[in-house]
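Report on one structure; see the data block that follows.
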Amino acid sequence: MNQEVKNKIFSILKITFATALFIFVAITLYRELSGINFKDTLVEFSKINRMSLVLLFIGGGASLVILSMYDVILSRALKMDISLGKVLRVSYIINALNAIVGFGGFIGAGVRAMVYKNYTHDKKKLVHFISLILISMLTGLSLLSLLIVFHVFDASLILDKITWVRWVLYVVSFFLPLFIIYSMVRPPDKNNRFVGLYCTLVSCVEWLAAAVVLYFCGVIVDAHVSFMSFIAIFIIAALSGLVSFIPGGFGAFDLVVLLGFKTLGVPEEKVLLMLLLYRFAYYFVPVIIALILSSFEFGTSAKKYIEGSKYFIPAKDVTSFLMSYQKDIIAKIPSLSLAILVFFTSMIFFVNNLTIVYDALYDGNHLTYYILLAIHTSACLLLLLNVVGIYKQSRRAIIFAMISILLITVATFFTYASYILITWLAIIFVLLIVAFRRARRLKRPVRMRNIVAMLLFSLFILYVNHIFIAGTLYALDIYTIEMHTSVLRYYFWLTILIIAIIIGMIAWLFDYQFSKVRISSKIEDCEEIINQYGGNYLSHLIYSGDKQFFTNENKTAFLMYRYKASSLVVLGDPLGDENAFDELLEAFYNYAEYLGYDVIFYQVTDQHMPLYHNFGNQFFKLGEEAIIDLTQFSTSGKKRRGFRATLNKFDELNISFEIIEPPFSTEFINELQHVSDLWLDNRQEMHFSVGQFNEEYLSKAPIGVMRNEENEVIAFCSLMPTYFNDAISVDLIRWLPELDLPLMDGLYLHMLLWSKEQGYTKFNMGMATLSNVGQLHYSYLRERLAGRVFEHFNGLYRFQGLRRYKSKYNPNWEPRFLVYRKDNSLWESLSKVMRVIRHK
């Protein structure tokens, strides 16, 4: 049997053992808890002195400092260039994490290896030392087990009832001398032969400190037992939790303590309360402290240190891949820590709603409590809703949280006035101020699906909050009080109103205040870029007056965009030096991320698809543009007789065509205005992707006009120079609708012939929307749906008719796409584009 097979068998046995033990513990624990009166447990909790709780929590947080001695020993043995203060802070964070999700200490060992490898050359020796620390967690218990075996601690009651525990103690006790001998004979470092002994002593003291915390929990709930008997039960329970591989020993440890104290005659309600206090003081409080430390210890400085460390040499292949993510993970620790703290804060104060309700029921001034409860609940819900925003380092989310903290503080001060909780709120407020200064974005994009999700989540939380309060009051027999005039009346609707007011005010403030932050480059810079590097089919629209421009730092490339509904909608591909497009888009996306905007590209070509893909985008085919090859275009031949017939008809009617160069006279503009108004027929002009009838815009390029025999303008089209590939396009095409003549055909034919005479080789006839989209059953569902719209909704919009009309000119069809972020909705993105096009 080779080593690989042995390892697999061992892993299977370990998982089977842990699973079986977990099931056994869960069933037994459920059986024991089912007989407990939880109302009595709550009554016992209400009797606890608050100062005793404060001392307990301080002791629980301080007890974990002992574990930092492991890291002090480690840093001194390996002669690490790291300050004692940093060792203590980092160690505290590691140990708090390990206590919650320890899996027998393996999580802590992994984090230690990740952190300390940047401070030493000898990685192999580091791993050896960390392994020694991992094993010493058991040797401390082994030393304490020896004290039970030699009857220093009295465990006779539990050993008489559960005889197999005695053999476990013997085995664990025997492990200590083996470990000490082995660690001295084969030490990680020959100059530090007693490291194993030192770690064992640290482990022993730490377990005793944990035992003292639990014992103090028993004292404050009035569960008096002999310390010697208590410590014996604790050691056996700790062994059970450690070998179970369950994070924190949850379940296994608690079951043994519950059974052990039951044999000593302590009521189960008091034991349960004692365990809850112990879990909070020894696990939850250190985690809170660790999260606070993480907010300051890790982040940008840590990331820079790792990148600049002489010991940080990226490995190849998999190691390099993992290390590339490690730096980013460390940089996110502060915001993640604060987000977790805010989440726990909101949960704790949601529970405190019960205290306000309880006090209100026995107070005559219901109205005051009614308002304070609604404010308190609203603030708690706002805290909860902004947890993700705090993690994403959004200033708007942090401001929401800060206002919520202030509102909770006011409600707390005027109701149950817990100075412990007010102090905690002050700490969180300070952390939020620090986070606000570090925040790298003003706000996150507002998306419709997120709004709907937040509304549903809010309703769910408020419903759960109501069920919790009602259920607790019912369990405590408080519903015997008349409640139709109590604080719960109309509470839900007032809460919704307060939330709406706060959200509305802050959202308006950000949109109003930071709308001024949006920058726009000068149009002269864009003109210079186009003159130097060329344009595209849409570049002439820089003169339409409804766009803003964003250039790169060197002013060699730009894009044109417009803001709408928390989005920056970009028209077409970037323009300018193609080598600068990467830099341009990165700067633009950074700019949009800082302001909390989405980025949408409209009508882009397939030329730069890889570039857009690099920024996490996906694509939707909008349709195809008809590009006519003027070198092949002709009105001669049998197939083109329709073109000749159209031109001959206009000649017979003495309708002429000419190109008018700017500047234009007022009389000429008035003639065009008359035609345009009749053509629009009170319809609203479109914007953004097309030009509008505007004298300033029209004066930037020649205009083709058709005149009748009275020399009156009956149709016109505005030219769109492209400044690249000898191509040209037209924008506005308008005619007198009362004339029963093919004026659009006439304009196109005359423009095609004129463009060919002027030496142009390509003519853009515009896009056929949804043309050739989703034609294969392999296409995305959204594109197949768009294809069905193209085929079956021709009555609403002439999708097929537009393509058929342009097809008679035998164009080459080039695809055009919508580019949007992969986590955005297609339909919401399309909706924003349509709003930009249809509204100025």
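Even glycines carry a Cβ here, placed using N, Cα and C.
Quick look at what Swiss-Prot lists:
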- 1-8: topological domain 'Cytoplasmic' (TOPO_DOM)
- 9-29: transmembrane segment (TRANSMEM)
- 30-52: topological domain 'Extracellular' (TOPO_DOM)
- 53-73: transmembrane segment (TRANSMEM)
- 74-89: topological domain 'Cytoplasmic' (TOPO_DOM)
- 90-110: transmembrane segment (TRANSMEM)
- 111-128: topological domain 'Extracellular' (TOPO_DOM)
- 129-149: transmembrane segment (TRANSMEM)
- 150-161: topological domain 'Cytoplasmic' (TOPO_DOM)
- 162-182: transmembrane segment (TRANSMEM)
- 183-200: topological domain 'Extracellular' (TOPO_DOM)
- 201-221: transmembrane segment (TRANSMEM)
- 222-229: topological domain 'Cytoplasmic' (TOPO_DOM)
- 230-250: transmembrane segment (TRANSMEM)
- 251-271: topological domain 'Extracellular' (TOPO_DOM)
- 272-292: transmembrane segment (TRANSMEM)
- 293-337: topological domain 'Cytoplasmic' (TOPO_DOM)
- 359-369: topological domain 'Extracellular' (TOPO_DOM)
- 370-390: transmembrane segment (TRANSMEM)
- 391-394: topological domain 'Cytoplasmic' (TOPO_DOM)
- 395-415: transmembrane segment (TRANSMEM)
- 416-436: transmembrane segment (TRANSMEM)
- 437-450: topological domain 'Cytoplasmic' (TOPO_DOM)
- 472-489: topological domain 'Extracellular' (TOPO_DOM)
- 490-510: transmembrane segment (TRANSMEM)
- 511-840: topological domain 'Cytoplasmic' (TOPO_DOM)
Composition by DSSP (helix, strand, coil) of residues within the topological domain 'Extracellular' (111-128):
15 helix, 0 strand, 3 coil
Determine which residues of the chain contact the transmembrane segment (162-182) at the Cβ level, with the cut-off under 8 Å and only residues 6 or more beyond its ends counted.
135-136, 138-139, 141-143, 145-146, 148-149, 155, 196-197, 200, 236, 239
Pull the DSSP breakdown for the topological domain 'Cytoplasmic' (391-394) and write it out as helix, strand, coil residue counts.
1 helix, 1 strand, 2 coil
Determine which recorded stretch among 53-73, 370-390, 395-415 has the most C-beta pairs below 8 angstroms with the transmembrane segment (272-292).
53-73
Using DSSP, what is the helix/strand/coil residue split across the topological domain 'Cytoplasmic' (74-89)?
10 helix, 0 strand, 6 coil
Who are the chain neighbours of the topological domain 'Cytoplasmic' (437-450) in space, where the CB to CB distance is under 8 Å and they lie at least 6 residues beyond its ends?
299-300, 334, 389, 392-398, 510, 514, 517, 565-567, 593-598, 824-825, 828
Residues from the same chain, set at least six apart from the ends of the topological domain 'Cytoplasmic' (74-89), whose C-beta lies under 8 A from its own:
65, 68, 112, 116, 119-120, 122, 125-126, 129-130, 133, 188-189, 192, 195, 293, 297
Within the predicted model, mean pLDDT of the topological domain 'Cytoplasmic' (222-229):
82
Same chain, outside the topological domain 'Cytoplasmic' (391-394) by at least 6, Cβ under 8 Å from its Cβ: which residues?
332, 335-336, 338-339, 435, 438-444, 596
What same-chain residues lie close to the topological domain 'Cytoplasmic' (222-229): Cβ under 8 Å, and 6 or more beyond its ends?
44, 152-155, 157, 215, 261, 264, 266-267, 270-271, 274
Going by DSSP, how much of the topological domain 'Extracellular' (251-271) is helix, how much is strand and how much is coil, in residues?
16 helix, 0 strand, 5 coil
